[in-house]
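Pulled from Swiss-Prot, these are the features on record:
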- 1-29: region 'Disordered' (REGION)
- 19: omega-N-methylarginine (MOD_RES)
- 21: N6-acetyllysine (MOD_RES)
- 36: phosphoserine (MOD_RES)
- 53, 105, 106, 107, 108, 172, 173, 174, 425, 510: ADP binding site (BINDING)
- 53, 105, 106, 174: ATP binding site (BINDING)
- 104: Mg(2+) binding site (BINDING)
- 184: phosphoserine (MOD_RES)
- 202: phosphoserine (MOD_RES)
- 288: N6-acetyllysine (MOD_RES)
- 302: N6-acetyllysine (MOD_RES)
- 319: N6-acetyllysine (MOD_RES)
- 326: N6-acetyllysine (MOD_RES)
- 444: phosphoserine (MOD_RES)
């Protein structure tokens, strides 16, 4: 990847030549900086081009600690890439922005930006001013969004089949694609359970918790309406509680410690016995107060200061038939409270019956020799949350399955935000190229030339899809162009059959928001890079 460009300061060179020649002499510098920025950003785009589409390749990423990640998710690849050049870093940020906005299309957005930068290079070499290129690209973008919106067809959230097709298309390019028949319905069900389809305008993905558990295969993934915890039940005798009353405490059930570092000197056995009796009475009192509220399942937040649960407290809780789960992570507390309707308690005096959540069943489930999970189901409170349990034979598979499910959830979220679909398989990009070329003929001068270059750049997506699928990119794109010129708007590359077909009939669809967001963000980034004419290193 190109190194940082250290700007040569022509001003100092000129000033050194004598007082009369204090003019800025290095005229070529802005052009050099611009080309350096473009080539650095293009290098990033070229690095992930091969991972586009269902037949795209995966990348194996090894970090400094030796941890390995296998993925073809554009945002994940770029996030872990060591990028030095500031312009190349802009493309990493671009992919991140697409991930936040749409959740899918993170590879496409970088490839489109790389292709647009390629077009910029050719236009700059022909002597066209960067500002003219930038303004023309903005015009082309506005027209492009119009074209994409015309191509789209509305979708209702009650149309379950369309939602499934969108999720399946997203999963097809992932490692977990062979499990799409399981993961697609799971993703659709998860989103539909946490929103009200009639009024929802977005989906808060924090309401869908993904729990990773090593062991089994991706086939063992499941959707649970309720709460799933990976922590073990501390008192092994109690593994099932019906009509559960669940308390969540943020204080420790162990002997109190002094605030300051004091020392207590015990001089005889009687005093020693008294200390132990006091400790026993103190803990028993805590446990009795918990039992008095009717609590029969107790969750204890993880404590970094000391043991959150002493053996003595566990003994008393066991006798009183209270199921105990300790080491609950702080970041999980909000989700737990929303799911089961409990409230976190920071002091024993506030532990009352109205702070408890309730559920039909709290049960520790054995996973065929690969550990245990605690499931709390039948929650009485209407907090709309669900949990997806992701299983896999090793850490790499589980992490990639989690990313795949996240992308599928994001696709459904896009359809909730903007209820419109367009065809996939490179069809929208070819249609854009064709219609923008027609539009460029209505413009005059340099603008027409720049819009035409923008249109040509759009062909990179179908070309890359064909290349990654082992087809001839030139003949495929040419045939696709002809089919679209004859009015077949939904003709796209069918990667499975290795040819061109009506992509809507093949059920390859994607949300309109993904394409519009990719086009908008890529164009904005390219315009930013184009306007930079100097890189200044500050102290």
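For all residues, glycine too, the Cβ spot is worked out from N, Cα and C.
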Q: Determine the most Cβ-crowded residue among the recorded positions 108, 202, 444, using a 10 Å radius around each Cβ and all protein chains in the structure.
A: 108
Q. What count of other C-beta atoms do you get within 10 angstroms of the C-beta of residue 288 (N6-acetyllysine), across all chains shown?
A. 11
(Q) Validating a neighbour-count step here. Other CB atoms within 10 A of the CB of residue 184 (phosphoserine): how many? (A) 24
Q: Specify the nearest of the binding-site residues 108, 174, 425 to residue 444 (phosphoserine), where nearness means the distance between Cα atoms.
A: 108
Q.
Going by a 10 angstroms cut-off between Cβ atoms, which of the recorded positions 36, 106, 173 has the sparsest surroundings?
A. 36
Q) What is the biggest Cα to Cα gap, in Å, among 53, 105, 106, 174, the residues listed as binding ATP? A) 13
Q. For residue 184 (phosphoserine), which DSSP three-state class applies?
A. helix
Q) Highest CB neighbour count within 10 A among the binding-site residues 53, 105, 425? A) 105
Q: Please name which of the recorded positions listed here, 36, 174, 288, is nearest in space to residue 53 (ADP binding site), Cα against Cα.
A: 174
